[in-house]
Amino acid sequence: MPVRRGHVAPQNTFLGTIIRKFEGQNKKFIIANARVQNCAIIYCNDGFCEMTGFSRPDVMQKPCTCDFLHGPETKRHDIAQIAQALLGSEERKVEVTYYHKNGSTFICNTHIIPVKNQEGVAMMFIINFEYVTDNENAATPERVNPILPIKTVNRKFFGFKFPGLRVLTYRKQSLPQEDPDVVVIDSSKHSDDSVAMKHFKSPTKESCSPSEADDTKALIQPSKCSPLVNISGPLDHSSPKRQWDRLYPDMLQSSSQLSHSRSRESLCSIRRASSVHDIEGFGVHPKNIFRDRHASEDNGRNVKGPFNHIKSSLLGSTSDSNLNKYSTINKIPQLTLNFSEVKTEKKNSSPPSSDKTIIAPKVKDRTHNVTEKVTQVLSLGADVLPEYKLQTPRINKFTILHYSPFKAVWDWLILLLVIYTAIFTPYSAAFLLNDREEQKRRECGYSCSPLNVVDLIVDIMFIIDILINFRTTYVNQNEEVVSDPAKIAIHYFKGWFLIDMVAAIPFDLLIFGSGSDETTTLIGLLKTARLLRLVRVARKLDRYSEYGAAVLMLLMCIFALIAHWLACIWYAIGNVERPYLTDKIGWLDSLGQQIGKRYNDSDSSSGPSIKDKYVTALYFTFSSLTSVGFGNVSPNTNSEKIFSICVMLIGSLMYASIFGNVSAIIQRLYSGTARYHMQMLRVKEFIRFHQIPNPLRQRLEEYFQHAWTYTNGIDMNMVLKGFPECLQADICLHLNQTLLQNCKAFRGASKGCLRALAMKFKTTHAPPGDTLVHCGDVLTALYFLSRGSIEILKDDIVVAILGKNDIFGEMVHLYAKPGKSNADVRALTYCDLHKIQREDLLEVLDMYPEFSDHFLTNLELTFNLRHESAKADLLRSQSMNDSEGDNCKLRRRKLSFESEGEKENSTNDPEDSADTIRHYQSSKRHFEEKKSRSSSFISSIDDEQKPLFSGIVDSSPGIGKASGLDFEETVPTSGRMHIDKRSHSCKDITDMRSWERENAHPQPEDSSPSALQRAAWGISETESDLTYGEVEQRLDLLQEQLNRLESQMTTDIQTILQLLQKQTTVVPPAYSMVTAGSEYQRPIIQLMRTSQPEASIKTDRSFSPSSQCPEFLDLEKSKLKSKESLSSGVHLNTASEDNLTSLLKQDSDLSLELHLRQRKTYVHPIRHPSLPDSSLSTVGIVGLHRHVSDPGLPGK
């Protein structure tokens, strides 16, 4: 029965603990995340903001190297040390000059403390900043006694009492203060000024380790860092300085000239890495600086890079145990090593040195937990800084969790003992404690009465319970589990300790031995203090207050317990008052007279038995609590009457509260039934008001009854909306978990994509016989069947039966608009379906394009409900309403499929592919029939609009080889063919019929009928693997072009009619020279590659009436005939076409020059302004210009 609250689930309280502890100590610190790029700052306290002048928004997400605090006086050496500490995940303290926001400088000690998880990987950095006062700056140590024991130095978070200890502490940050194995370098000379190292041979830029330079540079950008790498330790166990001497032999001669003083810059401790992970940080590739620096850790067994010569024993130890014992930092202020030139050879001779070097002979192997280091440095106590990980509450050895199974069992046991105490303590105090019982107990102790033994055991159990409460965790105000014994004791003392202690005191044992009446009465009263334990029962049972049945039982038990207590009090009043009554009118005397057991003063055992007394007292209290009493047991004395008044008053309150709650509880139990009848009444009223016929009425009632049984009248969507969106996504992900795991189309989706899909899914429950989709309904959703079976009927004929994990609907990505169902879908059994709306699915696919191709490739419909004629309906709707084209394009998606996916789709959906082939074959036959019976130009134009949907001829040989191209990719390619708009002239009109006849003959070049038909129909061998959706898209765009072509042709015909009607002067028309015979043996109508503005060409030759031939009289007659035929709705006759053809042959030599120009420039001619009716013809011919993207009619 424990309350499982607080720190039950594992959680990370690291940040909260750090912030809460540090804020009260006036610290100035930041916390950086070591797992993100540049170790970004994730928290800075108010002290840091006050110290630097920057606000928290200015500091957050900045690199923890604090580049914004750097300035001209900030030394690169200090910056490099901070960067090296961050790269190596090592603890270090550096004295740096920083700049306030207002530009002023300040000096502070920067303490970098890595916080690692249980695997030793640095998760965070705590960087503390502490001002350096002038006294600390001036206190430069003159000499440090190497033998001086340091045992009484109390460190308080970076502060030290003696300046002389600062240098020593810089060298051994994490060593215990009592550690005698300390390396101290005693220099012979000390000065306050640094001496230039004239003879010091600095490593060149080429000899510096590139990885180290890059690593350091990456952390101190944008400032440039020096390629020198400063370390404070050797690289080998046997001879720590031999590598240094071998690399720079001239350093031995120049060492005496170096300054041995510790300036502010050299005061910094240049500590080595504390583990293998830190050493690996030196050789990290620059590109991987901010990755997991410890992802390839192997505990020192395999270290790559320039540190291969280091022994595993050194790598496995810490910097405090093995590395500091070789420290020679006091010998040279700045040691610069070239890691790339370190060799594994060892020299036998040690380097000469004039200084006195004391190195401890033996160093212990120690492994300091980072948590302990941080705790020691920050002085926060033992359990202040937990490891950065998901962790269960830390408890001591003998501490009991308040939600543990043992505590739950113990609480139930104590609850039973409390109930026993509540019942037997008043009974024992009222009925059993008398002179005779006291005399028996003095003679034989507790062995005479078993009840006394039980009371003693209960007292012992309650004392043990008090001890357990001192070791039981509790939940504080921050919802955290407190396991500290001291805090638990304080919390228990402030709470229930006093009540539990009073209830557990065995008062009868404390005053055992005295046999007076006052003692007996006092023991009875003190034993009633055990009833205080009922308060614990109340706090334990509080969690069950929301259950109606539990509350009802609890109220009844309370009512009976109060009646029991009042019965004991009623008997105690009569028993105490009876010896002092002279008339014997008490209720006990009346009871003795009624049952024939009168009291005899000389016999103490006379009178009614204890059983008779208790039952009668309990009867009186129950009758008084529930009513005014029957009267057979009545109060006679004043004391009894006063008590009866109190019982009646308590009874009225108890009756009102208990039975009022009982009525509310009963009403709550039947609330579901009441809601059902209310909703059913609404359904029946709806049926009556709308006069719904009986079959449909029966279906409504049956569905309502089944739905109520299934959901108990609860609207699941309303319940789901009551939770935050994050919980809604998790709930939806759980509800659709089986579908998302079993369906092949959803495999491989990211977690975010699955959550988005789960939010869009709706669960539908259908009873048997319910029709889910009717024939002709718009398919607005995709259905996934998760339970049950359904049947699909066409004309009441079952065409398919679907079961679990089947999918039906339509391929939503292939169509711009939803289609119509071609069958009925009816449930055979109770079915659970997951459906997702078409728009919702497409929206998710748009948001996750990487998942879109996978989903659409692997989506396999068990049954496609889309009607076969839906494609034609879609094309017709688009052609009838061009204004909706943009809306349709919003739903068009460029879906690139691999060849395997296309083949899979074609094999998975044979019905669609067969329908497509049949549609192409029927359209092709229709095209051939139309071509064969082209009786007139107008009818041929109307007939050829259908086959021209794929008249985009690919003129380049390479384009046809590409497969799987979208139509958007084909349009620019086909644009190489230019539209030669020569329909302005009469010759172009008359050549339409001849083009049809001539086009049927094979051409010598590339215009064979088979090739042209394949190119025109778009069903060539190389493009046979196009998907149905891509063909649909091409059809849509081509239909739009045909519409524009039809309107343009109508305009051209109207303009021609106007020209024929208005032309009164016999003049030779400005014919296009490109209609000459021999030069045009290839298609002359081409698609323009680009939509260039059309320019008019002015001819140098102007025609005069004297140049006209006699044949123009025939031409005029033919024109008049054409005018009459066209105005009357009859097509152009063939006679006019023959006359025009012969006339053009005669006039070809006159327009040869213009023809050559037009061939070169591909510019369409207009009527020369010098000709008669030039203004009218120009206006009319301008209207003949087509859009450059319109497909032209192919001709010779």
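For all residues, glycine too, the Cβ spot is worked out from N, Cα and C.
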Tell me which of 384-404, 615-635, 699-719, 741-761 corresponds to the intramembrane segment entry in Swiss-Prot. 615-635
Looking at SER605 and SER449, does Swiss-Prot assign them to the same side of the membrane (meaning the same named topological domain)? yes
If I look at Swiss-Prot, which residue among ASN102, ASN338, ASN369, ASN600 would I find recorded as N-linked glycosylation site? ASN600
Range annotated transmembrane segment in Swiss-Prot (choices 522-542, 795-815) is 522-542
Please indicate, using numbers and ranges, the residues of the same chain that are 6 or more beyond the transmembrane segment (642-662) and have a C-beta under 8 Å from a C-beta there. 551-552, 555-556, 558-559, 562, 566, 569-570, 573, 621, 624-626, 628-629, 635
Can you tell me how many other Cβ atoms are located within 10 Å of the Cβ belonging to ASN600 (N-linked glycosylation site)? 11
DSSP tally for the topological domain 'Extracellular' (636-641), helix/strand/coil in that order, comes to 4 helix, 0 strand, 2 coil
The answer for the topological domain 'Extracellular' (571-614), taking Cβ pairs under 8 Å and residues 6+ beyond its ends, is 427, 429-431, 435-436, 620, 632-637, 639-640, 643
Mean per-residue pLDDT in the topological domain 'Extracellular' (434-449) works out to 62
The topological domain 'Extracellular' (571-614) resolves under DSSP into 24 helix, 2 strand, 18 coil
Per DSSP, what is the residue count of the topological domain 'Cytoplasmic' (471-494) in each of helix, strand and coil? 10 helix, 5 strand, 9 coil
Counted with DSSP (H/G/I as helix, E/B as strand, rest coil), the region 'cNMP-binding domain' (745-845) has 23 helix, 43 strand, 35 coil
Folded-back contacts onto the topological domain 'Extracellular' (636-641), same chain, C-beta under 8 angstroms, at least six residues removed: 570, 573-574, 577, 581, 585-587, 590
